[in-house]
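Presented below is the structure to which this report refers.
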Amino acid sequence: MSFKMTQSQYTSLYGPTVGDSVRLGDTNLFARVEKDYATYGDEAAFGGGKSIRDGMAQNPNVTRDDKQVADLVITNALILDYDKIVKADIGVKNGYIMKIGKAGNPDIMDNVDIIIGATTDIISAEGKIVTAGGIDTHVHFVNPEQSQVALESGITTHIGGGTGASEGAKATTVTPGPWHLHRMLLAAESLPLNIGFTGKGQAVNHTALVEQIHAGAIGLKVHEDWGATPSALDHALQVADDYDVQIALHADTLNEAGFMEETMAAVKDRVLHMYHTEGAGGGHAPDLIKSAAYSNILPSSTNPTLPYTVNTIDEHLDMVMITHHLNASIPEDIAFADSRIRKETIAAEDVLQDIGVFSMVSSDSQAMGRVGEVITRTWQVAHRMKEQRGSLDGDSEYNDNNRIKRYIAKYTINPAITHGISDYVGSIDEGKLADIIMWEPAFFAVKPDVIVKGGLINPAINGDANGSIPTSEPLKYRKMYGQLGGNMQGTSMTFVSTTAYENDIGKLLGLKRKLRPVHNIRKLTKADMKNNSATPKIDVDPQTYEVFVDGEKITSEPATELPLTQRYFLF
């Protein structure tokens, strides 16, 4: 016998369904459900009097050996991803996403492709948003505490370089040489994130570069503080082509060895990841931003200039001076800092993100960027651009799906593609590591509710351990069992070069984490950047620094207030 209920009743039980819209935090953005995998009336839900009970939505006969039986089911989740905004159950097995579909007991329920059995645990996601774990590809490994801060913001993968609080690490995202790379690979065993390290890219002797790739580096960083010359860049790219790794470039702010055009001539048609492409974080002054028009350049922003606000310019000068070891008593050092901070190019950066010219967002952690704010600032930009520029083509009232898919790609799938790890992480897709972030919609992009890392909860908001219920105050992020014993190694990956993987670097160093090789990098173009592949003509006026896209001046007004800010940090 069928039972009818109102849409509001249904939503309160099982979350939104097709046609419903969900507001993201206190932004002006709304996600509309495009598809619901549920069979109405056969929804799987856990709790007293609910359907996931023996002989009902839980099958009493199956064992874990059945390939369709999940270790974990996340029920009735609203999935926001670069290619879908859907309501579904998520099945996890052996720490990987097994299936996105309909969970339950196929003996009595229709359309079940994820079986719940006696060996299955449940996380209830009714009314909650689920996203893939974020990927930050511009990390200065200056402080190991960054990992926990990032994890609690929804980031599950860090790529970059460093060795701790050395001047080189604080400035240049470089882990130089085999000895340092091996030490950092060992250190990664105790970090709760997926990790990949970049080596130093400055050497005309290819052996000095190749030995870093053999030691596990997943790419090389060419940075102006070590000398971002056309020669250094050319040699690094030659090695990258030989070993299928990525080159990350912090270009030559002072134009000492040439201008932007000379750098691009040295790059030729070879792919590289251009860091902080607007230029405030470093790079050819004043026109590095033009490089985003090239089809072989994969451009990213770092978060200190995102979004553009009334405070952005003032805070940046001190950041540049400290990060790059400059001396305030030397006029040339002051001029160096001043050359990087241009309100005209910063004002254009948000727009270039919004129209899909800039493809990624990263942090630049403790080196002019904030490791725990990649996700928050990405969505603040999306809000500001809708506020100033209106809806994107194809979006409408209470439906910002196109803009949502564009912006979520910037810190999930696109950085994964750029660094050759998209087979493993970067989206909510079958076969990928179960790095899954759950959000209460009101707290979206600020404070995740539950972080699932490699199939295990770690961490989660939880109450006083002596409380009679799990919500006894103080509610705060607490480490879970995913960070205890051997689970730190079992739920995270360390990414290494293919040559290091094939030569069993894990055995050499006694590593226990899952090692995975980076690959499919050197043939990438900007067309591979999901929802962010535009290559218009970009010009910069050398006198005024105004930015023009296809002949049209682009700019934005500095924000005086933003969503996802103070009201979320009173407790």
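Cβ coordinates are placed from backbone N, Cα and C, and glycine is handled just like the others.
Of the residues Lys67, Lys221, Lys290, Lys447, Swiss-Prot puts just one in the Ni(2+) 1 site with His138, His140, Asp364: Lys221. Binding site for Ni(2+) 2 per Swiss-Prot: Lys221, His250, plus His276 from the candidate set His206, His235, His276, His284. Nearest Cα neighbour of His250 (Ni(2+) 2 binding site) among the listed binding-site residues (His138, His140, Lys221, His223): His223.
Surrounding the centroid of the Cβ atoms of Lys221, His250, His276, where the record places Ni(2+) 2, the chain contributes additional residues within 8 Å, namely His138, Thr172, Thr173, Val222, His223, Ala248, Leu249, Ala251, Tyr275, Gly281, Gly282, Gly283. A separation of roughly 13 Å, to the nearest angstrom, links the Cα atoms of His140 (Ni(2+) 1 binding site) and His223 (substrate binding site). When the alpha carbons of Lys221 (Ni(2+) 1 binding site) and His276 (Ni(2+) 2 binding site) are compared, the span between them is 13 angstrom. Between the C-alpha atoms of His138 (Ni(2+) 1 binding site) and His276 (Ni(2+) 2 binding site), the distance comes to 9 Å. His276 (Ni(2+) 2 binding site) falls within neither a helix nor a strand when secondary structure is assigned with DSSP, and so counts as coil. Neighbour counts of Cβ atoms within 10 Å were compared for the binding-site residues His138, His140, and the top value is held by His138.
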